[in-house]
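What follows is a set of notes on a single structure, which appears directly below.
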Amino acid sequence: MSSLRVLFLVIVSGSAANMEITNVSEYEAIAKQKLPKMVYDYYASGAEDQWTLKENREAFSRILFRPRILIDVSKIDMTTTVLGFKISMPIMIAPTAMQKMAHPEGEYATARAASAANTIMTLSSWATSSVEEVASTGPGIRFFQLYVYKDRNVVEQLVRRAERAGFKAIALTVDTPRLGRREADIKNRFTLPPFLTLKNFEGLDLGKMDKADDSGLASYVAGQIDRSLSWRDVKWLQSITTLPILVKGVITAEDTRLSIQNGAAGIIVSNHGARQLDYAPATITALEEVVKAAQGRVPVFLDGGVRRGTDVFKALALGASGIFIGRPVVFALASEGEAGVRKVLQMLRDEFELTMALSGCTSLSKITRNHIVTPSELNHSISRL
Ligand code: GLV
């Protein structure tokens, strides 16, 4: 090989290794390269045709801005208060399961990064670190995502442990009476690697996941999760905890009203990262219906497809009090551990601040519905021409 060719290869491979990350989406390709296929596919996949997965992103790209100009934006305040807790920005961390499959530090790294950014982390029921272990990483405002098991003693114990460990709210997942059909997991015979456990359930004999003929997680859910969960159980949950309950997985006005009637302290508009019911609308499309039905009585949050600061702004303009990010965190974790998660939060923060500046908004309360235009409004104004 000529020395010129060797030099070229060194430069090319060197630059690939040090590829500068300039937006959160770029972590996915690195994670795909680093992770075993079974793990990458588990994090990345949506349900069935993955229509909703694509739509969660595309629906954001159809919303355009109506920026205001000549406003002094030399100071921008992104702080906000969620359920009474002051945080540095309306960007929080969604629950994603089994983070130690992505990186040995798993949920510890995520907890530290969230706390360094002064924002909220939501820990999954199916974490590979327990509520106590995550609490031991240091101070931080944390929510606990809850799956309701058939055995209510298990749920009671877990909720009490989360309370004692200082978690501040329960995000009750309501869209998973059965697991969505994730075909990659079926093909890969997905299961939790044997050196890991669902740490919160370790002492309860529910921490392991057996291998199955299809998805090991789907079988686990079929065996353990309560399909009969109903509004009555939202009330029951309030009888066993004083923590505020966020109902996670609402995408209609009807369920918004029922959530409020049944004591929800807030609503998370979520389609479970497009992993449950395919052809459910993008969360950014469903958001305004939920916000209108909530009538300001409880805060409404959103997860699903947020990859840019402009997405955060669009969600707030449509009435969200904040957003949660899921996949960007696991992909960054896989790529660079805690440093990656810190960087994801910082990049989204910077982009969001820039969006506010370029739209003429100096604080979150200045972001209004008039700062954006949705596809139906665009069609309407075009048809009037
Ligand atoms: C975990 O919550 C999953 O949907 O896989």
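Glycine is no exception: its Cβ is also placed from the backbone N, Cα and C atoms.
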Would you identify which residue of Tyr42, Tyr108 TrEMBL lists as part of the glyoxylate site it also attributes to Tyr147, Arg182, His272, Arg275?
Tyr42
Quiz question: given the binding-site residues Tyr42, Tyr147, which has the greatest number of C-beta atoms lying within 10 angstroms of its own C-beta?
Tyr42
Expressed in Å to no decimal places, the gap between the Cα atoms of Arg275 (glyoxylate binding site) and Gly305 (FMN binding site) is 12
Using the alpha carbons only, what distance in Å do you get between Pro95 (FMN binding site) and His272 (active site, proton acceptor) once rounded?
10
Checking your reading of the structure: which of the binding-site residues Tyr42, Arg182, Lys248, Asp303, Arg307, Arg327 lie inside a 10 Å Cα sphere centred on His272 (active site, proton acceptor)?
Lys248, Asp303
Using the alpha carbons only, what distance in Å do you get between Gln145 (FMN binding site) and Arg182 (glyoxylate binding site) once rounded?
21
Going through the binding-site residues Tyr42, Ala97, Gln145, Arg182, Gly305 in sequence order, which have a CB under 6 Å from an atom of ligand 1?
Ala97
